[in-house]
Amino acid sequence: MDKLQNIRGVAFDLDGTLVDSAPGLAAAVDMALYALELPVAGEERVITWIGNGADVLMERALTWAREERATLRKTMGKPPVDEDIPAEEQVRILRKLFDRYYGEVAEEGTFLFPHVADTLGALNASGLSLGLVTNKPTPFVAPLLESLDIAKYFSVVIGGDDVQNKKPHPEPLLLVASRLGMMPEQMLFVGDSRNDIQAAKAAGCPSVGLTYGYNYGEAIALSEPDVIYDSFNDLLPALGLPHSDNQEIKND
(Lines of atoms letter the chains of each structure in order from A and count residues from 1; the text may use other names and numbers.)
(Lines give C-alpha, C1' and ligand atoms only; values in the text may rest on other atoms or scores of the structure.)
Protein backbone atom coordinates (compact mmCIF):
# COMPACT_ATOMS: atom_id res chain seq x y z
CA MET A 1 0.00 0.00 0.00
CA ASP A 2 1.07 3.59 -0.63
CA LYS A 3 1.67 4.49 3.01
CA LEU A 4 4.38 1.82 3.27
CA GLN A 5 6.33 2.94 0.21
CA ASN A 6 8.61 5.49 1.90
CA ILE A 7 9.21 3.83 5.25
CA ARG A 8 12.66 4.47 6.76
CA GLY A 9 12.03 3.03 10.21
CA VAL A 10 9.70 0.80 12.20
CA ALA A 11 8.66 1.19 15.83
CA PHE A 12 6.93 -1.50 17.86
CA ASP A 13 4.74 -1.86 20.88
CA LEU A 14 5.99 -4.52 23.33
CA ASP A 15 3.28 -6.36 25.29
CA GLY A 16 0.94 -8.26 23.00
CA THR A 17 3.00 -7.33 19.93
CA LEU A 18 6.52 -8.67 20.41
CA VAL A 19 5.98 -10.62 23.61
CA ASP A 20 3.33 -12.59 25.44
CA SER A 21 3.80 -11.00 28.85
CA ALA A 22 0.41 -11.98 30.25
CA PRO A 23 1.66 -14.93 32.38
CA GLY A 24 4.15 -12.76 34.26
CA LEU A 25 1.85 -9.76 34.58
CA ALA A 26 -1.03 -11.90 35.81
CA ALA A 27 1.16 -13.68 38.35
CA ALA A 28 2.42 -10.36 39.75
CA VAL A 29 -1.07 -8.85 39.86
CA ASP A 30 -2.45 -11.87 41.69
CA MET A 31 0.41 -11.95 44.19
CA ALA A 32 -0.15 -8.26 44.93
CA LEU A 33 -3.91 -8.76 45.37
CA TYR A 34 -3.33 -11.80 47.59
CA ALA A 35 -0.93 -9.82 49.76
CA LEU A 36 -3.75 -7.34 50.42
CA GLU A 37 -6.18 -10.20 51.17
CA LEU A 38 -8.17 -9.46 48.03
CA PRO A 39 -9.55 -11.97 45.48
CA VAL A 40 -7.10 -12.98 42.77
CA ALA A 41 -8.07 -12.32 39.16
CA GLY A 42 -6.38 -14.94 36.97
CA GLU A 43 -4.61 -14.53 33.64
CA GLU A 44 -7.70 -14.50 31.41
CA ARG A 45 -9.11 -11.48 33.23
CA VAL A 46 -5.79 -9.65 33.64
CA ILE A 47 -5.24 -9.81 29.86
CA THR A 48 -8.24 -7.51 29.41
CA TRP A 49 -6.60 -4.90 31.68
CA ILE A 50 -3.21 -4.72 29.92
CA GLY A 51 -2.20 -1.79 27.76
CA ASN A 52 -2.32 1.51 29.63
CA GLY A 53 0.63 1.16 31.98
CA ALA A 54 1.05 -0.24 35.47
CA ASP A 55 -0.91 2.44 37.35
CA VAL A 56 -4.03 1.89 35.27
CA LEU A 57 -3.52 -1.88 35.54
CA MET A 58 -3.55 -1.52 39.34
CA GLU A 59 -6.67 0.66 39.25
CA ARG A 60 -8.49 -1.91 37.14
CA ALA A 61 -7.33 -4.78 39.34
CA LEU A 62 -8.36 -3.03 42.55
CA THR A 63 -11.76 -1.98 41.21
CA TRP A 64 -12.51 -5.54 40.15
CA ALA A 65 -11.15 -7.10 43.37
CA ARG A 66 -13.17 -4.85 45.68
CA GLU A 67 -16.34 -5.50 43.71
CA GLU A 68 -15.62 -9.23 43.63
CA ARG A 69 -15.03 -9.34 47.39
CA ALA A 70 -18.28 -7.47 48.04
CA THR A 71 -20.19 -9.90 45.82
CA LEU A 72 -18.65 -12.94 47.50
CA ARG A 73 -19.41 -11.63 50.99
CA LYS A 74 -22.99 -10.84 50.03
CA THR A 75 -23.41 -14.34 48.61
CA MET A 76 -22.15 -15.81 51.89
CA GLY A 77 -24.44 -13.56 53.94
CA LYS A 78 -21.55 -11.60 55.41
CA PRO A 79 -21.60 -7.82 55.90
CA PRO A 80 -19.54 -5.65 53.51
CA VAL A 81 -15.99 -4.77 54.49
CA ASP A 82 -15.52 -1.29 55.90
CA GLU A 83 -12.82 0.16 53.63
CA ASP A 84 -10.60 2.06 56.07
CA ILE A 85 -7.94 2.65 53.38
CA PRO A 86 -8.95 5.00 50.52
CA ALA A 87 -8.89 3.45 47.05
CA GLU A 88 -6.13 5.83 45.93
CA GLU A 89 -3.88 4.66 48.75
CA GLN A 90 -4.67 1.02 48.02
CA VAL A 91 -3.69 1.56 44.38
CA ARG A 92 -0.37 3.02 45.52
CA ILE A 93 0.27 0.07 47.84
CA LEU A 94 -0.82 -2.41 45.17
CA ARG A 95 1.55 -0.82 42.63
CA LYS A 96 4.46 -1.07 45.05
CA LEU A 97 3.72 -4.76 45.64
CA PHE A 98 3.23 -5.37 41.92
CA ASP A 99 6.59 -3.82 41.06
CA ARG A 100 8.33 -6.05 43.58
CA TYR A 101 6.64 -9.24 42.43
CA TYR A 102 6.89 -8.43 38.72
CA GLY A 103 10.61 -7.90 39.09
CA GLU A 104 10.79 -11.49 40.31
CA VAL A 105 8.64 -13.12 37.61
CA ALA A 106 8.90 -10.88 34.52
CA GLU A 107 11.58 -12.81 32.67
CA GLU A 108 10.24 -16.30 33.32
CA GLY A 109 6.67 -15.15 32.59
CA THR A 110 7.36 -13.45 29.24
CA PHE A 111 7.82 -15.13 25.85
CA LEU A 112 8.47 -13.97 22.30
CA PHE A 113 5.61 -14.47 19.89
CA PRO A 114 6.35 -16.63 16.81
CA HIS A 115 8.66 -15.15 14.15
CA VAL A 116 9.54 -12.07 16.24
CA ALA A 117 13.29 -12.63 16.62
CA ASP A 118 13.96 -13.59 13.00
CA THR A 119 11.75 -10.81 11.64
CA LEU A 120 13.43 -8.17 13.78
CA GLY A 121 16.78 -9.49 12.61
CA ALA A 122 15.75 -9.27 8.96
CA LEU A 123 14.38 -5.75 9.36
CA ASN A 124 17.52 -4.62 11.13
CA ALA A 125 19.78 -6.22 8.51
CA SER A 126 17.87 -4.43 5.75
CA GLY A 127 19.02 -1.07 7.08
CA LEU A 128 15.72 0.04 8.58
CA SER A 129 15.98 1.84 11.92
CA LEU A 130 13.99 0.14 14.68
CA GLY A 131 12.45 1.61 17.82
CA LEU A 132 10.33 0.40 20.72
CA VAL A 133 7.48 2.26 22.43
CA THR A 134 5.85 0.71 25.49
CA ASN A 135 3.70 1.91 28.38
CA LYS A 136 5.46 -0.65 30.59
CA PRO A 137 7.41 0.96 33.48
CA THR A 138 10.85 1.84 32.14
CA PRO A 139 12.95 -0.08 34.72
CA PHE A 140 11.50 -3.38 33.52
CA VAL A 141 12.03 -2.80 29.79
CA ALA A 142 15.79 -3.06 29.20
CA PRO A 143 16.33 -6.20 31.35
CA LEU A 144 13.41 -7.90 29.61
CA LEU A 145 14.71 -7.08 26.12
CA GLU A 146 18.16 -8.35 27.09
CA SER A 147 16.79 -11.59 28.53
CA LEU A 148 14.92 -12.23 25.26
CA ASP A 149 18.02 -11.32 23.20
CA ILE A 150 16.25 -8.64 21.15
CA ALA A 151 17.67 -5.47 22.72
CA LYS A 152 20.38 -5.41 20.04
CA TYR A 153 17.86 -4.62 17.32
CA PHE A 154 16.56 -1.32 18.71
CA SER A 155 18.23 2.06 18.25
CA VAL A 156 15.69 3.83 20.48
CA VAL A 157 13.62 2.46 23.37
CA ILE A 158 10.93 4.53 25.11
CA GLY A 159 9.32 3.20 28.28
CA GLY A 160 6.29 4.42 30.15
CA ASP A 161 8.31 6.59 32.52
CA ASP A 162 10.25 8.34 29.74
CA VAL A 163 7.40 10.60 28.63
CA GLN A 164 4.78 12.71 30.34
CA ASN A 165 1.99 11.25 28.21
CA LYS A 166 1.75 7.53 27.43
CA LYS A 167 0.02 6.00 24.43
CA PRO A 168 -2.62 6.66 23.07
CA HIS A 169 -1.09 10.14 23.24
CA PRO A 170 1.26 10.68 20.26
CA GLU A 171 4.15 11.99 22.41
CA PRO A 172 6.15 8.73 22.67
CA LEU A 173 5.85 8.01 18.94
CA LEU A 174 6.88 11.53 18.00
CA LEU A 175 9.85 11.22 20.35
CA VAL A 176 10.99 7.95 18.77
CA ALA A 177 10.66 9.34 15.25
CA SER A 178 12.67 12.40 16.25
CA ARG A 179 15.42 10.31 17.82
CA LEU A 180 15.52 8.06 14.76
CA GLY A 181 15.95 11.19 12.63
CA MET A 182 12.84 10.87 10.49
CA MET A 183 9.41 12.37 9.97
CA PRO A 184 6.45 10.55 11.58
CA GLU A 185 5.08 9.57 8.17
CA GLN A 186 8.37 7.76 7.48
CA MET A 187 8.03 5.56 10.58
CA LEU A 188 5.69 2.58 10.59
CA PHE A 189 4.19 1.75 13.98
CA VAL A 190 3.23 -1.84 14.76
CA GLY A 191 0.93 -2.70 17.64
CA ASP A 192 -1.87 -4.92 18.88
CA SER A 193 -4.27 -2.54 20.64
CA ARG A 194 -6.46 0.47 20.07
CA ASN A 195 -4.00 2.55 22.12
CA ASP A 196 -1.30 1.77 19.56
CA ILE A 197 -3.44 2.63 16.54
CA GLN A 198 -4.81 5.80 18.14
CA ALA A 199 -1.28 6.94 18.99
CA ALA A 200 -0.08 6.25 15.45
CA LYS A 201 -2.96 8.18 13.90
CA ALA A 202 -2.42 11.13 16.24
CA ALA A 203 1.31 11.18 15.47
CA GLY A 204 0.82 10.87 11.72
CA CYS A 205 2.49 7.45 11.46
CA PRO A 206 1.21 4.65 9.22
CA SER A 207 0.10 1.71 11.34
CA VAL A 208 -0.05 -2.07 11.35
CA GLY A 209 -2.50 -3.83 13.66
CA LEU A 210 -1.78 -7.41 14.75
CA THR A 211 -4.69 -9.73 15.44
CA TYR A 212 -3.08 -11.97 18.06
CA GLY A 213 -2.53 -9.41 20.84
CA TYR A 214 -4.57 -8.40 23.87
CA ASN A 215 -6.61 -5.27 22.93
CA TYR A 216 -9.13 -5.56 25.78
CA GLY A 217 -10.93 -8.39 23.99
CA GLU A 218 -11.74 -6.25 20.94
CA ALA A 219 -10.92 -6.99 17.31
CA ILE A 220 -8.06 -4.75 16.15
CA ALA A 221 -10.03 -4.04 12.95
CA LEU A 222 -12.35 -1.81 14.99
CA SER A 223 -9.46 0.63 15.45
CA GLU A 224 -8.95 0.87 11.68
CA PRO A 225 -5.17 0.48 11.32
CA ASP A 226 -3.79 0.99 7.83
CA VAL A 227 -3.00 -2.73 7.51
CA ILE A 228 -3.92 -5.80 9.57
CA TYR A 229 -1.78 -8.94 9.82
CA ASP A 230 -2.24 -12.26 11.57
CA SER A 231 1.47 -13.08 11.73
CA PHE A 232 4.41 -10.91 12.74
CA ASN A 233 6.54 -11.92 9.76
CA ASP A 234 3.93 -10.59 7.32
CA LEU A 235 5.77 -7.29 7.86
CA LEU A 236 8.64 -8.48 5.68
CA PRO A 237 6.96 -8.63 2.26
CA ALA A 238 5.02 -5.46 3.07
CA LEU A 239 8.38 -3.70 3.34
CA GLY A 240 9.88 -5.38 0.29
CA LEU A 241 11.77 -8.14 2.11
CA PRO A 242 11.63 -11.91 1.48
CA HIS A 243 8.98 -13.95 3.22
CA SER A 244 8.53 -17.67 2.62
CA ASP A 245 4.92 -17.81 3.77
CA ASN A 246 1.95 -16.22 2.07
CA GLN A 247 1.00 -12.93 3.69
CA GLU A 248 -2.63 -12.12 4.21
CA ILE A 249 -3.60 -8.46 4.20
CA LYS A 250 -7.00 -7.91 5.78
CA ASN A 251 -7.58 -4.40 4.45
CA ASP A 252 -5.85 -1.70 2.43
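Glycine too: its Cβ is placed from the backbone N, Cα and C atoms.
Asp192 is the only one of Asp149, Asp161, Asp162, Asp192 that Swiss-Prot places in the Mg(2+) site (with Asp13, Asp15). The separation of Asp13 (active site, nucleophile) from Asp192 (Mg(2+) binding site), Cα to Cα, is 8 Å. With the fewest other C-beta atoms within 10 Å around its C-beta, Asp15 stands out among the binding-site residues Asp15, Asp192.
Contacts of Asp13 (active site, nucleophile) defined by a Cβ separation under 8 A and a same-chain sequence distance of 6+ are given as Leu132, Val133, Thr134, Lys167, Phe189, Val190, Gly191, Asp192, Ser193, Asp196, in order along the sequence.
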